[in-house]
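Participant: Shown below is the structure under consideration.
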Amino acid sequence: MNSLKPAEMDKFKEVILWYVTSISLKPLKKNNYAIFFPLQISFNKKPEEWKERNSMKLCSVKLNDGFLMPMLGLGTSAPSKVAKSDVEEAVMKAIDVGYRHFDSAYFYLNEEEIGRAIWKKIADGSVKREDIFYTSKLWGTFFRPELVLTSLETSLRKLQLSYVDLYLIHFPVPLKPGEELFPKDRNGELIFDTVDFCTTWEAMERCKDAGLAKSIGVSNFNRKQLERILNKPGLKYKPVCNQVECHPYLNQSKLLEFCKSQDIVLTAYAALGSNSGKEWVSKNNPVLLEDPVLNAIAARHRRTPAQVALRYQLQRGVVALAKSFNPKRIQENFQVLDFQLTPEDMDTLDGLNRNMRYFVDTV
C-alpha cells in the first residue's frame with residue numbers, strides 16, 4: 001500500500017469506496033418511498049469536493065415509476081435583472097461542484113442557456129447526459145392537449161436534449177393559448193382557458209409514453225387537486241412529485257404527509273426563503289436566513305443558515321432546490337450531506353412554521 005504512487009493511491013481508494021457503497025447501500029423507507037443515502041466514508045488527504053460529488057450520486061429518492069431523483073437540486077428561476085449568462089455560468093459551476101439535478105421551466109426563459117451549460121460540461125468530460133437530472137415545466141398557455149407536446153418539444157429544442165428527466169404541470173391554472181405568458185384583456189385582467197387539467201394530464205402521459213419525458217408530475221397543486229388526478233378514470237401514470245413552496249416558515253407538513261401516503265415525492269422550491277427583488281415575491285416578509293432560531297442551530301453545527309434549511313428538508317424526505325448565482329454560495333449550499341440535525345433541531349425548525357408564503361399567486 002505505501003509503495004503506491006499518490007495517483008495510484010487515489011484510484012485505489014476510489015475503487016474501494018465504489019465497492020463498499022455498492023454492496024452496503026440500503027434504502028431508508030420514508031413511508032411509501034425509498035430514499036438512498038450514502039455511507040459517510042472519508043479518507044485522509046482526499047478533497048471534500050470528491051466526497052461530495054460521489055455522495056450526490058447516491059443521495060437520491062426513488063420515484064414511483066422507478067427512476068431516481070437527486071434530493072438536492074439547483075433552482076434556476078431568477079428576476080429579470082439577472083443576466084441569462086449568469087444562469088449559464090451558475091449551472092456550469094454547479095456541475096463542477098457536484099450538482100446533477102437542475103430545475104427550470106418554459107416560464108423561466110433560460111432553457112437555451114441551461115442547455116449550453118450542460119453541453120459544455122458534457123464536452124469537457126465532466127458529465128454524461130445520463131448523469132444529469134433535468135426538470136422542465138408546462139406553462140398554462142399550453143394546457144390544451146394538442147399543445148402539451150408542442151411545448152415540451154420547444155423546450156427540448158432550446159435545451160438541445162432528446163428528453164427531460166421530469167416534466168411538470170407548472171400551475172393547475174389554464175390560460176388562453178398564445179405568445180403572451182400572461183394573456184390579458186383590455187382591462188388588464190388575465191384571460192383563463194376552460195381546459196380541465198385532468199385532460200392535460202392525459203397529454204402528459206403521452207409525453208412519457210413517447211420517451212420525451214422519463215417522469216411526469218405537478219407543481220403548486222394542493223391535496224384536492226392531486227386527488228382529482230389520482231382518482232381520474234383511466235389514470236395511466238400517477239404524478240411522481242409535487243413541487244411546491246416549502247421552507248421552515250411554510251413547512252407543508254399536511255401536504256407532505258398526504259404525498260408520502262400516495263408515493264408522491266414533495267419537492268421544495270424557495271427552500272431558503274426568497275428574494276424580495278423578484279417581481280412575483282411578496283414584499284416586507286421576514287428574511288428566513290436571518291431568523292435567530294435558524295442561526296442558532298447553524299452556529300451549533302458550524303454551518304450556514306442555508307445549509308441547515310436545506311438539511312432540514314432532506315431529513316424530512318423532501319427534495320430541496322437550492323437557488324443561487326453566487327459561486328461561493330453554490331458551493332456552500334451543496335455541502336449538506338456530511339452532517340446531521342438532531343431530533344431536537346428538527347422539532348425546533350418545525351416550530352418555526354407560520355404558514356407564510358413568499359410567492360404570491362400570479363395566476
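Using N, Cα and C of the backbone, Cβ positions are placed for all residues, glycine too.
Nobody curates TrEMBL annotations by hand; they come from automatic prediction.
Since this is a predicted model, take the numbers as computed values, not measurements.
According to TrEMBL, the record shows the following:
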- 72-353: domain 'NADP-dependent oxidoreductase' (DOMAIN)
- Tyr108: active site, proton donor (ACT_SITE)
- Lys137: site 'Lowers pKa of active site Tyr' (SITE)
- His170: substrate binding site (BINDING)
Participant: Calculate the distance in Å between the alpha carbons (Cα) of the residue listed as 'active site, proton donor' and Lys137 (site 'Lowers pKa of active site Tyr'), and round it to a whole number.
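Facilitator: About 9 Å separates the two Cα atoms.
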Participant: Name, in the order they occur in the sequence, the residues of the same chain whose CB lies under 8 A from the CB of Lys137 (site 'Lowers pKa of active site Tyr') and which sit 6 or more residues away.
Facilitator: Ser104, Ala105, Tyr106, Phe107, Tyr167, Leu168, Ile169, His170, Ser219
Participant: If I take every residue in the domain 'NADP-dependent oxidoreductase' (72-353) and average their pLDDT values, what number comes out?
Facilitator: 96
Participant: Ten-angstrom check, please: count other Cβ atoms within 10 Å of the Cβ of the residue listed as 'substrate binding site', all chains counted.
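Facilitator: Step by step: centre on the Cβ of the residue listed as 'substrate binding site', count other Cβ atoms within 10 Å, giving 22.
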